[in-house]
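Feature list (source: TrEMBL):
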DOMAIN    4-68  domain 'DUF1899'
REPEAT    77-111  repeat 'WD'
REPEAT    127-169  repeat 'WD'
REPEAT    171-212  repeat 'WD'
(Lines of atoms letter the chains of each structure in order from A and count residues from 1; the text may use other names and numbers.)
(Lines give C-alpha, C1' and ligand atoms only; values in the text may rest on other atoms or scores of the structure.)
Protein backbone atom coordinates (compact mmCIF):
# COMPACT_ATOMS: atom_id res chain seq x y z
CA UNK A 1 0.00 0.00 0.00
CA UNK A 2 1.33 3.47 -0.90
CA UNK A 3 2.17 5.64 2.07
CA UNK A 4 0.59 9.10 1.89
CA UNK A 5 3.30 11.75 1.86
CA UNK A 6 2.50 14.91 3.80
CA UNK A 7 3.00 17.99 1.62
CA UNK A 8 5.94 20.13 2.65
CA UNK A 9 5.06 23.72 3.57
CA UNK A 10 6.69 26.23 5.88
CA UNK A 11 3.17 27.38 6.87
CA UNK A 12 1.91 23.98 8.06
CA UNK A 13 2.65 24.85 11.67
CA UNK A 14 1.39 28.43 11.75
CA UNK A 15 0.52 29.10 15.37
CA UNK A 16 -2.35 31.47 16.19
CA UNK A 17 -2.63 33.10 19.59
CA UNK A 18 -4.95 35.72 21.08
CA UNK A 19 -3.20 38.39 23.14
CA UNK A 20 -3.69 38.88 26.89
CA UNK A 21 -6.79 40.75 28.07
CA UNK A 22 -4.83 43.88 28.96
CA UNK A 23 -3.66 44.12 25.32
CA UNK A 24 -7.21 44.18 23.94
CA UNK A 25 -9.37 47.25 23.30
CA UNK A 26 -12.33 47.02 25.70
CA UNK A 27 -15.76 48.58 26.12
CA UNK A 28 -16.31 49.41 22.43
CA UNK A 29 -19.85 49.51 21.03
CA UNK A 30 -19.19 47.70 17.75
CA UNK A 31 -21.63 48.63 14.97
CA UNK A 32 -24.78 46.50 14.68
CA UNK A 33 -25.62 47.59 11.14
CA UNK A 34 -26.57 44.70 8.84
CA UNK A 35 -23.85 44.98 6.21
CA UNK A 36 -21.21 42.38 5.38
CA UNK A 37 -18.13 44.57 5.73
CA UNK A 38 -15.21 43.92 8.07
CA UNK A 39 -16.08 46.98 10.29
CA UNK A 40 -12.39 47.34 11.12
CA UNK A 41 -9.29 48.69 9.35
CA UNK A 42 -5.72 48.59 10.64
CA UNK A 43 -2.34 50.05 9.71
CA UNK A 44 1.05 50.25 11.51
CA UNK A 45 -0.14 53.30 13.53
CA UNK A 46 -3.88 52.96 14.20
CA UNK A 47 -6.83 50.61 14.49
CA UNK A 48 -10.15 52.04 13.24
CA UNK A 49 -13.46 50.46 14.29
CA UNK A 50 -16.99 51.33 13.11
CA UNK A 51 -19.18 51.84 16.18
CA UNK A 52 -22.84 52.38 17.03
CA UNK A 53 -23.56 56.10 17.11
CA UNK A 54 -26.78 57.96 17.78
CA UNK A 55 -27.82 60.58 15.24
CA UNK A 56 -25.39 59.67 12.47
CA UNK A 57 -22.38 57.51 11.77
CA UNK A 58 -19.04 57.34 13.57
CA UNK A 59 -15.90 55.29 13.92
CA UNK A 60 -13.12 55.12 16.49
CA UNK A 61 -9.48 55.66 15.58
CA UNK A 62 -7.17 54.33 18.31
CA UNK A 63 -3.35 54.39 18.37
CA UNK A 64 -2.22 50.73 18.43
CA UNK A 65 -0.67 51.16 21.88
CA UNK A 66 -3.90 52.54 23.44
CA UNK A 67 -5.10 49.19 24.80
CA UNK A 68 -7.36 48.49 27.77
CA UNK A 69 -10.74 50.05 28.50
CA UNK A 70 -11.72 52.79 26.07
CA UNK A 71 -13.57 55.66 27.73
CA UNK A 72 -17.15 56.23 26.53
CA UNK A 73 -16.31 59.89 25.82
CA UNK A 74 -13.21 59.00 23.73
CA UNK A 75 -13.30 61.26 20.62
CA UNK A 76 -14.63 59.73 17.39
CA UNK A 77 -14.63 60.55 13.68
CA UNK A 78 -18.25 61.62 13.37
CA UNK A 79 -19.05 63.63 10.23
CA UNK A 80 -21.48 61.26 8.48
CA UNK A 81 -25.25 61.76 8.77
CA UNK A 82 -25.96 58.00 8.48
CA UNK A 83 -24.26 54.82 9.76
CA UNK A 84 -20.75 54.17 8.43
CA UNK A 85 -20.62 50.95 6.38
CA UNK A 86 -16.96 50.64 5.33
CA UNK A 87 -13.57 52.20 6.13
CA UNK A 88 -10.15 51.82 4.48
CA UNK A 89 -6.73 53.25 5.40
CA UNK A 90 -4.73 54.84 2.59
CA UNK A 91 -1.80 52.48 1.80
CA UNK A 92 0.46 55.47 1.04
CA UNK A 93 -0.28 57.60 4.09
CA UNK A 94 -0.88 56.12 7.53
CA UNK A 95 -2.76 59.25 8.65
CA UNK A 96 -5.43 59.22 5.93
CA UNK A 97 -8.60 57.10 6.03
CA UNK A 98 -11.69 56.95 3.80
CA UNK A 99 -15.22 56.07 4.92
CA UNK A 100 -18.44 55.19 3.06
CA UNK A 101 -21.86 55.65 4.64
CA UNK A 102 -25.61 55.22 4.36
CA UNK A 103 -25.80 58.98 3.75
CA UNK A 104 -24.60 58.29 0.14
CA UNK A 105 -21.25 60.07 0.64
CA UNK A 106 -17.59 59.10 0.83
CA UNK A 107 -15.43 61.15 3.18
CA UNK A 108 -11.64 61.31 3.46
CA UNK A 109 -10.13 62.20 6.84
CA UNK A 110 -6.66 63.24 7.99
CA UNK A 111 -5.93 61.87 11.49
CA UNK A 112 -3.49 63.80 13.71
CA UNK A 113 -0.07 62.16 14.14
CA UNK A 114 -0.74 61.18 17.78
CA UNK A 115 -4.42 60.28 17.36
CA UNK A 116 -7.60 62.19 18.18
CA UNK A 117 -7.85 64.52 21.16
CA UNK A 118 -11.21 66.03 20.16
CA UNK A 119 -14.03 64.65 17.96
CA UNK A 120 -13.26 64.99 14.25
CA UNK A 121 -16.32 66.13 12.29
CA UNK A 122 -14.68 68.02 9.40
CA UNK A 123 -13.41 65.73 6.63
CA UNK A 124 -10.64 66.92 4.33
CA UNK A 125 -12.83 66.19 1.34
CA UNK A 126 -16.42 64.98 0.78
CA UNK A 127 -17.00 62.91 -2.37
CA UNK A 128 -20.60 63.07 -3.58
CA UNK A 129 -21.83 61.10 -6.57
CA UNK A 130 -23.76 58.06 -5.34
CA UNK A 131 -27.56 58.11 -5.15
CA UNK A 132 -27.80 55.28 -2.58
CA UNK A 133 -25.73 54.14 0.40
CA UNK A 134 -22.00 53.52 -0.14
CA UNK A 135 -21.01 50.06 1.08
CA UNK A 136 -17.45 49.68 -0.24
CA UNK A 137 -14.41 51.99 -0.25
CA UNK A 138 -11.00 50.84 -1.46
CA UNK A 139 -7.78 52.74 -2.19
CA UNK A 140 -5.73 52.04 -5.30
CA UNK A 141 -2.75 49.84 -4.32
CA UNK A 142 -0.04 51.73 -6.23
CA UNK A 143 -1.34 55.14 -7.38
CA UNK A 144 -1.47 58.07 -4.98
CA UNK A 145 -4.88 59.65 -4.19
CA UNK A 146 -6.98 57.22 -6.27
CA UNK A 147 -10.01 55.92 -4.37
CA UNK A 148 -12.79 53.55 -5.45
CA UNK A 149 -16.31 53.50 -4.01
CA UNK A 150 -19.22 51.15 -4.74
CA UNK A 151 -22.78 51.88 -3.72
CA UNK A 152 -26.19 50.25 -3.55
CA UNK A 153 -27.02 52.24 -6.70
CA UNK A 154 -24.98 49.44 -8.41
CA UNK A 155 -22.32 51.94 -9.52
CA UNK A 156 -18.56 52.00 -9.04
CA UNK A 157 -16.98 55.46 -8.94
CA UNK A 158 -13.21 56.05 -9.07
CA UNK A 159 -12.15 59.39 -7.60
CA UNK A 160 -9.10 61.61 -7.77
CA UNK A 161 -9.08 62.52 -4.08
CA UNK A 162 -6.50 65.24 -4.71
CA UNK A 163 -9.02 67.27 -6.68
CA UNK A 164 -12.25 65.80 -5.28
CA UNK A 165 -13.43 64.79 -8.76
CA UNK A 166 -15.19 61.61 -9.93
CA UNK A 167 -12.95 60.57 -12.84
CA UNK A 168 -14.53 57.22 -13.80
CA UNK A 169 -18.14 56.13 -13.33
CA UNK A 170 -18.87 52.46 -14.04
CA UNK A 171 -22.64 52.24 -14.37
CA UNK A 172 -24.80 49.75 -16.29
CA UNK A 173 -22.25 46.97 -15.59
CA UNK A 174 -23.92 45.57 -12.48
CA UNK A 175 -27.71 45.03 -12.49
CA UNK A 176 -27.78 44.38 -8.74
CA UNK A 177 -25.93 45.03 -5.46
CA UNK A 178 -22.12 44.76 -5.62
CA UNK A 179 -20.86 42.48 -2.84
CA UNK A 180 -17.13 43.04 -3.23
CA UNK A 181 -14.53 44.88 -5.32
CA UNK A 182 -10.83 43.99 -5.46
CA UNK A 183 -7.93 45.72 -7.26
CA UNK A 184 -5.34 43.66 -9.12
CA UNK A 185 -1.74 43.75 -7.81
CA UNK A 186 -0.77 46.76 -9.97
CA UNK A 187 -4.26 48.28 -9.94
CA UNK A 188 -4.88 47.97 -13.68
CA UNK A 189 -7.97 45.74 -13.32
CA UNK A 190 -10.91 45.29 -10.96
CA UNK A 191 -12.64 42.11 -9.91
CA UNK A 192 -16.24 42.33 -8.64
CA UNK A 193 -18.78 39.94 -7.13
CA UNK A 194 -22.44 40.86 -7.62
CA UNK A 195 -25.84 39.70 -6.36
CA UNK A 196 -26.63 38.47 -9.90
CA UNK A 197 -24.11 35.63 -9.07
CA UNK A 198 -21.58 36.90 -11.63
CA UNK A 199 -17.89 37.53 -11.06
CA UNK A 200 -16.59 40.21 -13.44
CA UNK A 201 -13.08 41.33 -14.37
CA UNK A 202 -13.21 44.99 -15.42
CA UNK A 203 -10.73 47.35 -17.04
CA UNK A 204 -11.92 50.57 -15.32
CA UNK A 205 -10.12 53.05 -17.57
CA UNK A 206 -11.68 51.51 -20.68
CA UNK A 207 -15.03 50.97 -18.87
CA UNK A 208 -15.01 47.45 -20.27
CA UNK A 209 -15.75 43.99 -18.85
CA UNK A 210 -12.71 41.88 -19.78
CA UNK A 211 -14.06 38.54 -18.47
CA UNK A 212 -17.03 37.28 -16.49
CA UNK A 213 -18.35 34.09 -14.97
CA UNK A 214 -22.05 33.49 -14.43
CA UNK A 215 -23.03 31.48 -11.33
CA UNK A 216 -19.49 31.34 -9.95
CA UNK A 217 -21.28 30.03 -6.84
CA UNK A 218 -24.89 28.93 -7.25
CA UNK A 219 -26.12 29.78 -3.75
CA UNK A 220 -28.18 32.92 -3.12
CA UNK A 221 -26.04 34.27 -0.27
CA UNK A 222 -23.27 36.87 -0.79
CA UNK A 223 -20.05 36.04 -2.62
CA UNK A 224 -16.58 37.55 -2.33
CA UNK A 225 -13.90 37.72 -5.04
CA UNK A 226 -10.28 38.86 -4.72
CA UNK A 227 -7.34 39.12 -7.10
CA UNK A 228 -4.24 37.06 -6.32
CA UNK A 229 -0.66 38.16 -7.04
CA UNK A 230 -0.43 35.92 -10.16
CA UNK A 231 -3.61 37.41 -11.68
CA UNK A 232 -5.87 34.48 -10.77
CA UNK A 233 -9.10 35.09 -8.83
CA UNK A 234 -10.08 33.52 -5.52
CA UNK A 235 -13.80 33.45 -4.64
CA UNK A 236 -15.88 32.45 -1.64
CA UNK A 237 -19.62 31.78 -1.80
CA UNK A 238 -22.34 29.21 -1.29
CA UNK A 239 -23.44 26.10 -3.20
CA UNK A 240 -27.02 25.40 -4.23
CA UNK A 241 -27.36 23.38 -1.02
CA UNK A 242 -26.16 26.42 1.02
CA UNK A 243 -22.77 24.91 1.79
CA UNK A 244 -19.88 27.36 1.94
CA UNK A 245 -17.45 27.04 -0.98
CA UNK A 246 -14.16 28.47 -2.15
CA UNK A 247 -12.93 28.43 -5.73
CA UNK A 248 -9.95 29.46 -7.86
CA UNK A 249 -10.28 30.89 -11.40
CA UNK A 250 -8.04 31.87 -14.29
CA UNK A 251 -8.86 35.35 -15.58
CA UNK A 252 -8.14 34.44 -19.22
CA UNK A 253 -10.55 31.46 -19.13
CA UNK A 254 -13.34 31.54 -16.55
CA UNK A 255 -15.46 28.76 -18.09
CA UNK A 256 -14.34 26.22 -15.50
CA UNK A 257 -12.71 26.83 -12.11
CA UNK A 258 -9.15 25.62 -11.46
CA UNK A 259 -10.58 24.05 -8.30
CA UNK A 260 -13.67 24.19 -6.05
CA UNK A 261 -13.77 23.08 -2.41
CA UNK A 262 -16.80 22.64 -0.16
CA UNK A 263 -16.22 23.74 3.42
CA UNK A 264 -19.19 23.51 5.79
CA UNK A 265 -22.87 24.39 6.07
CA UNK A 266 -22.53 27.51 8.23
CA UNK A 267 -24.33 30.60 6.93
CA UNK A 268 -21.76 33.34 7.77
CA UNK A 269 -20.28 35.18 4.80
CA UNK A 270 -16.58 34.31 4.40
CA UNK A 271 -14.32 37.38 4.32
CA UNK A 272 -11.02 36.54 2.55
CA UNK A 273 -7.76 38.25 3.58
CA UNK A 274 -4.82 37.62 1.26
CA UNK A 275 -1.06 37.89 1.74
CA UNK A 276 0.50 38.27 -1.75
CA UNK A 277 4.04 37.70 -0.40
CA UNK A 278 3.37 34.19 0.90
CA UNK A 279 0.25 33.28 -1.14
CA UNK A 280 -1.69 32.46 2.01
CA UNK A 281 -5.44 33.23 2.19
CA UNK A 282 -7.15 33.61 5.58
CA UNK A 283 -10.93 33.09 5.70
CA UNK A 284 -12.87 34.74 8.51
CA UNK A 285 -16.59 33.97 8.55
CA UNK A 286 -18.96 36.55 10.00
CA UNK A 287 -20.43 35.00 13.14
CA UNK A 288 -17.80 32.22 13.13
CA UNK A 289 -15.36 31.76 15.98
CA UNK A 290 -12.51 30.57 13.74
CA UNK A 291 -9.99 31.70 11.12
CA UNK A 292 -9.11 29.12 8.47
CA UNK A 293 -6.02 29.51 6.35
CA UNK A 294 -5.01 28.05 3.00
CA UNK A 295 -1.87 28.12 0.87
CA UNK A 296 -2.32 28.63 -2.87
CA UNK A 297 0.23 26.88 -5.12
CA UNK A 298 0.66 25.71 -8.71
CA UNK A 299 0.19 22.04 -7.74
CA UNK A 300 -3.13 20.18 -7.37
CA UNK A 301 -5.34 20.66 -5.44
CA UNK A 302 -4.02 24.27 -5.81
CA UNK A 303 -5.76 25.52 -2.63
CA UNK A 304 -4.15 23.61 0.26
CA UNK A 305 -5.81 23.68 3.66
CA UNK A 306 -3.24 24.55 6.34
CA UNK A 307 -5.01 24.88 9.67
CA UNK A 308 -7.76 26.55 11.72
CA UNK A 309 -7.42 28.95 14.60
CA UNK A 310 -10.46 28.78 16.91
CA UNK A 311 -11.72 30.74 19.88
CA UNK A 312 -14.94 30.58 21.90
CA UNK A 313 -16.38 33.96 20.91
CA UNK A 314 -17.92 34.63 17.47
CA UNK A 315 -16.49 37.49 15.40
CA UNK A 316 -18.53 40.55 14.37
CA UNK A 317 -15.81 41.82 12.05
CA UNK A 318 -12.09 41.60 11.39
CA UNK A 319 -9.15 43.92 10.71
CA UNK A 320 -6.01 42.75 8.90
CA UNK A 321 -2.62 44.36 9.51
CA UNK A 322 -0.46 45.16 6.43
CA UNK A 323 2.82 43.22 6.35
CA UNK A 324 4.95 46.25 7.26
CA UNK A 325 3.14 46.49 10.62
CA UNK A 326 4.19 43.00 11.80
CA UNK A 327 6.94 42.08 14.28
CA UNK A 328 9.51 40.22 12.16
CA UNK A 329 11.62 39.39 15.23
CA UNK A 330 8.82 37.11 16.48
CA UNK A 331 8.29 35.47 13.06
CA UNK A 332 4.81 37.03 12.94
CA UNK A 333 3.29 36.44 9.48
CA UNK A 334 -0.20 37.88 10.09
CA UNK A 335 -2.11 39.85 12.71
CA UNK A 336 -5.87 40.11 12.92
CA UNK A 337 -8.03 42.46 14.98
CA UNK A 338 -11.13 40.49 15.88
CA UNK A 339 -14.28 42.42 16.81
CA UNK A 340 -16.49 41.02 19.56
CA UNK A 341 -19.71 42.65 20.67
CA UNK A 342 -17.90 44.95 23.12
CA UNK A 343 -14.19 44.65 22.39
CA UNK A 344 -11.43 44.28 19.79
CA UNK A 345 -8.97 41.43 20.31
CA UNK A 346 -5.65 41.19 18.40
CA UNK A 347 -4.78 37.68 17.19
CA UNK A 348 -1.17 36.98 16.24
CA UNK A 349 -0.14 34.31 13.70
CA UNK A 350 3.47 33.12 13.96
CA UNK A 351 5.66 30.45 12.38
CA UNK A 352 7.73 28.90 15.22
CA UNK A 353 11.47 29.11 14.44
CA UNK A 354 14.47 28.45 16.68
CA UNK A 355 16.87 30.84 14.97
CA UNK A 356 17.12 34.50 15.98
CA UNK A 357 18.21 35.51 12.48
CA UNK A 358 15.93 37.28 10.02
CA UNK A 359 13.84 34.66 8.17
CA UNK A 360 14.21 35.58 4.48
CA UNK A 361 11.77 32.89 3.34
CA UNK A 362 8.94 34.20 5.55
CA UNK A 363 9.51 37.84 4.65
CA UNK A 364 10.20 38.42 0.96
CA UNK A 365 10.23 42.10 0.00
CA UNK A 366 6.74 43.51 0.53
CA UNK A 367 4.73 46.49 -0.70
CA UNK A 368 5.96 49.67 0.98
CA UNK A 369 4.14 52.94 1.63
CA UNK A 370 5.52 54.81 -1.38
CA UNK A 371 3.18 55.06 -4.40
CA UNK A 372 4.50 53.99 -7.80
CA UNK A 373 2.36 56.53 -9.68
CA UNK A 374 0.59 59.84 -9.26
CA UNK A 375 -3.20 59.86 -9.77
CA UNK A 376 -2.90 61.77 -13.06
CA UNK A 377 -0.46 59.19 -14.47
CA UNK A 378 -2.80 56.30 -13.64
CA UNK A 379 -5.87 58.00 -15.12
CA UNK A 380 -3.77 58.70 -18.24
CA UNK A 381 -3.24 54.94 -18.69
CA UNK A 382 0.08 54.25 -16.97
CA UNK A 383 0.55 51.17 -14.71
CA UNK A 384 3.08 50.47 -11.99
CA UNK A 385 3.59 47.55 -9.63
CA UNK A 386 4.03 48.16 -5.88
CA UNK A 387 7.36 49.59 -4.72
CA UNK A 388 8.80 46.85 -2.52
CA UNK A 389 10.68 47.28 0.77
CA UNK A 390 12.70 44.85 2.87
CA UNK A 391 11.47 44.08 6.39
CA UNK A 392 14.92 42.94 7.51
CA UNK A 393 15.29 45.63 10.16
CA UNK A 394 11.54 46.00 10.66
CA UNK A 395 9.52 48.77 9.03
CA UNK A 396 10.18 52.18 10.57
CA UNK A 397 7.69 54.92 9.74
CA UNK A 398 9.47 58.04 8.50
CA UNK A 399 8.42 61.38 9.95
CA UNK A 400 7.58 63.10 6.66
CA UNK A 401 4.83 60.62 5.87
CA UNK A 402 2.42 63.49 5.12
CA UNK A 403 0.95 63.35 1.66
CA UNK A 404 3.23 64.85 -0.98
CA UNK A 405 0.67 67.01 -2.64
CA UNK A 406 0.18 69.07 -5.74
CA UNK A 407 -1.33 72.54 -5.28
CA UNK A 408 -4.81 71.44 -6.31
CA UNK A 409 -4.77 68.60 -3.77
CA UNK A 410 -7.73 68.70 -1.40
CA UNK A 411 -5.74 66.73 1.18
CA UNK A 412 -3.25 69.58 1.61
CA UNK A 413 -3.72 70.82 5.16
CA UNK A 414 -0.87 73.31 5.25
CA UNK A 415 1.09 75.26 2.65
CA UNK A 416 4.33 73.36 2.45
CA UNK A 417 7.49 74.77 1.02
CA UNK A 418 9.14 72.85 -1.77
CA UNK A 419 12.18 72.04 0.35
CA UNK A 420 9.92 70.77 3.16
CA UNK A 421 7.59 68.37 1.37
CA UNK A 422 8.86 67.60 -2.11
CA UNK A 423 12.35 66.09 -2.10
CA UNK A 424 14.57 67.03 -5.01
CA UNK A 425 15.79 64.43 -7.48
CA UNK A 426 19.26 64.57 -5.87
CA UNK A 427 17.81 63.75 -2.44
CA UNK A 428 15.79 60.88 -3.93
CA UNK A 429 18.93 59.51 -5.59
CA UNK A 430 20.93 59.82 -2.36
CA UNK A 431 18.22 57.96 -0.42
CA UNK A 432 18.21 55.21 -3.04
CA UNK A 433 22.02 54.82 -2.88
CA UNK A 434 21.93 54.74 0.95
CA UNK A 435 19.20 52.09 0.91
CA UNK A 436 21.23 49.95 -1.50
CA UNK A 437 24.36 50.40 0.64
CA UNK A 438 22.50 49.32 3.82
CA UNK A 439 21.03 46.32 2.05
CA UNK A 440 24.48 45.20 0.79
CA UNK A 441 26.04 45.78 4.22
CA UNK A 442 23.32 43.67 5.90
CA UNK A 443 23.91 40.85 3.41
CA UNK A 444 27.67 40.92 4.10
CA UNK A 445 27.07 40.78 7.88
CA UNK A 446 24.70 37.84 7.40
CA UNK A 447 27.26 36.00 5.23
CA UNK A 448 29.99 36.64 7.85
CA UNK A 449 27.76 35.11 10.54
CA UNK A 450 27.05 32.07 8.39
CA UNK A 451 30.79 31.60 7.66
CA UNK A 452 31.59 31.89 11.39
CA UNK A 453 28.96 29.24 12.21
CA UNK A 454 30.28 26.91 9.52
CA UNK A 455 33.85 27.36 10.83
CA UNK A 456 32.67 26.42 14.33
CA UNK A 457 30.96 23.29 12.97
CA UNK A 458 34.11 22.33 10.99
CA UNK A 459 36.25 22.82 14.11
CA UNK A 460 33.91 20.58 16.17
CA UNK A 461 33.98 17.87 13.51
CA UNK A 462 37.78 18.08 13.33
CA UNK A 463 38.04 17.56 17.11
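Using N, Cα and C of the backbone, Cβ positions are placed for all residues, glycine too.
From a predicted model like this one, the values you see are computed outputs, not experimental measurements.
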Beyond the flanks of the repeat 'WD' (77-111) by at least 6 residues, Cβ under 8 Å: 31, 33, 35, 37-38, 40-46, 48, 50, 53, 56-61, 119-128, 130-139, 141, 144, 147, 149, 151, 159, 161, 322, 367, 369-371, 397, 401-403, 410-411, 413
Residue numbers, six or more beyond the limits of the repeat 'WD' (171-212), whose CB comes under 8 Å of its CB atoms: 36, 135-136, 138, 140-143, 146, 148, 150, 152, 154-156, 158, 218, 222-227, 229, 231, 233, 235, 237, 249, 251-252, 254, 276, 372, 378-379, 381, 383-386
DSSP residue counts for the domain 'DUF1899' (4-68), split into helix, strand and coil: 3 helix, 24 strand, 38 coil
Taken over the repeat 'WD' (171-212), the model's mean pLDDT: 96
